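Trainee: As listed in TrEMBL for this protein:
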- CYS181, CYS183, CYS186, CYS191: Zn(2+) 1 binding site (BINDING)
- CYS181, CYS192, CYS219, CYS223: Zn(2+) 2 binding site (BINDING)
- CYS186, CYS219, CYS225, CYS229: Zn(2+) 3 binding site (BINDING)
- ARG251, GLY252, TRP253, ASN320, HIS321, TYR362, LYS390: S-adenosyl-L-methionine binding site (BINDING)
- CYS323, CYS389, CYS391, CYS396: Zn(2+) 4 binding site (BINDING)
- 37-95: domain 'Chromo' (DOMAIN)
- 179-237: domain 'Pre-SET' (DOMAIN)
- 240-363: domain 'SET' (DOMAIN)
- 385-401: domain 'Post-SET' (DOMAIN)
Amino acid sequence: AWYVPCLASLETLQELCRKENLTCKSIGITNRSLKSYEVEYLCDYKVEEGKAYYLVKWKGWPESSNTWEPRKHLNCPLLLQNFLRDKNEYLSRGREGKAMKVRNHVKTLKPAIADYIVKKAKQRIALQRWKEELNRKKNHKAMILVENTVDLEGPPLDFYYINEYKPAPGINVLNGITTGCECADCPAEKCCPKEAGFILAYNKRKKLKIQPGLPIYECNSYCRCGPDCLNRIVQKGTPYSLCIFRTNNGRGWGVKTLQRIKTNSFVMEYVGEVITSEEAERRGQLYDNQGNTYLFDLDYDSDEFTVDAARYGNVSHFVNHSCDPNLQVFNVFIDNLDLRLPRIALFSTRTIKAGEELTFDYQMKGSIDLTSDSAEGLSPSKKRIRTVCKCGAVCCRGYLN
């Protein structure tokens, strides 16, 4: 099913809840806020008769209920810090890139400054709610953070977080597994990778030891081995805390790690809606016009299916392309042995420092790097329009496709 964002504003919903005496935690209406006043953010500033006043937006109350309050009535040091920081940030940008002198002893704020402060406050609240939503929906222990210090962009309105493939009608992403290994201590002679004709993908430190292009066969839900099995890595989800952040060079959102990642470590899985190649061709025409790239061909064995992470996905939806990436694509089979439907796992190609952006090559198909001069294996939808690359790498090919 497709979801449509609510067309009513937050203020309208809050006012309706108050009129009907209803509570709704997701929009800030609780039993406490129905009966009391709590500062949500500060909107404006003025000085009258030597006294400083702030225009207050009350939590759970519509903007029509905003009031001017003297500084001594406000017990919200963090919100005051945010207000001052946002004001100074706006002034420091100045006109045409020229820095302006920041004056803290003004009697009133210009409307443009107050408008910017309100937009930043609303953005801060929206991003905080989005972060909480992402962490409620994820199925791994590591945290997801959200950060935007670049512009006023808020959470994407048409994106829904999922932890595993969402199959389109008629597509079965769980089939082919009826038995598992009998190992007490994997890997043994009859362990899952060996039964499939391949070697175990991980070493004793649970790091990848196989070359790109080879598949990973992990132990599945029918296997006798426990959760600490050496051959259960991708299925546990990302072990690293990650941050979705706004890039400062026009690449939109990106993802950075908050922890150091060692070479050949599993970082995240690429998930989305599984669709047919025919449907991917149709959607690809729309995405090309929008300048988006979210279609990932599942071409390990055939070109029958594609993963579309445009509307449904996890953190990987926000990972940017690089011609010199620090993540590598691998095909993984766990509870599904259908070669047409591998799971897509991203592993580190080198040591990645905390705070460093995570990237992978959008032309990696089945872990084989295709250059712009060798486009065999790319879907027709990715041959139509060439998207300029902004990765900034020394070896940049100039285009994403």
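The backbone N, Cα and C atoms fix where each Cβ goes, and this holds for glycine too.
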Trainee: Same chain, not part of CYS323, CYS389, CYS391, CYS396: whose C-beta falls within 8 angstroms of the C-beta centre of the Zn(2+) 4 site? Give them in sequence order.
Mentor: HIS321, SER322, ASP324, LYS390, GLY392, ALA393, CYS395, ARG397, GLY398, LEU400
Trainee: Just counting, how many other CB atoms are there within 10 A of the CB of CYS323 (Zn(2+) 4 binding site)?
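Mentor: If we count other Cβ atoms within 10 Å of CYS323 (Zn(2+) 4 binding site), we arrive at 22.
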Trainee: Whole-number Å distance between the CA of CYS229 (Zn(2+) 3 binding site) and the CA of TRP253 (S-adenosyl-L-methionine binding site)?
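Mentor: That comes out at 35 Å between the alpha carbons.
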Trainee: CYS223 (Zn(2+) 2 binding site): which of the binding-site residues CYS183, HIS321, CYS323 is the nearest Cα neighbour?
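Mentor: Result: the closest of the binding-site residues to CYS223 (Zn(2+) 2 binding site) is CYS183.
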Trainee: Quick check on the binding-site residues HIS321, LYS390: which one has the highest count of other Cβ atoms within 10 Å of its Cβ?
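Mentor: Answer by Cβ density within 10 Å: HIS321.
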Trainee: For LYS390 (S-adenosyl-L-methionine binding site) and CYS396 (Zn(2+) 4 binding site), what Cα-Cα distance in Å is obtained after rounding to a whole number?
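Mentor: Just about 8 Å between their Cα atoms.
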Trainee: With the cut-off set at 10 Å between Cβ atoms, which of these binding-site residues ends up with the most neighbours? Options: CYS191, CYS229.
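Mentor: Per the Cβ count within 10 Å, the most buried is CYS191.
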Trainee: Near CYS186 (Zn(2+) 1 binding site), which residues of its chain come within a Cβ-Cβ distance under 8 Å, counting only those 6 or more away in sequence?
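Mentor: Within the chain, CYS186 (Zn(2+) 1 binding site) has Cβ neighbours under 8 Å at CYS192, LEU200, CYS219, CYS223, CYS225, CYS229, LEU230, ASN231.
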Trainee: What is the total of other Cβ atoms whose distance to the Cβ of CYS219 (Zn(2+) 2 binding site) is within 10 Å?
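Mentor: Here the count is 26.
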Trainee: List nothing but the largest Cα to Cα distance in Å, as a whole number, among the residues ARG251, GLY252, TRP253, ASN320, HIS321, TYR362, LYS390 that the record says bind S-adenosyl-L-methionine.
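Mentor: Greatest Cα separation within the listed binding residues comes to 16 Å.
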Trainee: When you measure from the Cβ of CYS391 (Zn(2+) 4 binding site), how many other Cβ atoms are you left with inside 10 Å?
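Mentor: The answer is 21 other Cβ atoms.
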Trainee: Could you measure between HIS321 (S-adenosyl-L-methionine binding site) and CYS181 (Zn(2+) 1 binding site) for me? Cα positions, answer in whole angstrom.
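Mentor: With distance taken Cα to Cα, CYS181 (Zn(2+) 1 binding site) is 38 Å from HIS321 (S-adenosyl-L-methionine binding site).
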Trainee: Let's see if you can do this one: DSSP helix, strand and coil counts over the domain 'Pre-SET' (179-237), in that order.
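Mentor: Per-class counts: 7 helix, 4 strand, 48 coil.
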Trainee: Determine, using Cα-Cα distances only, which of these binding-site residues is closest to GLY252 (S-adenosyl-L-methionine binding site): CYS183, CYS191, CYS323, CYS391.
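Mentor: Nearest listed residue in space: CYS391.
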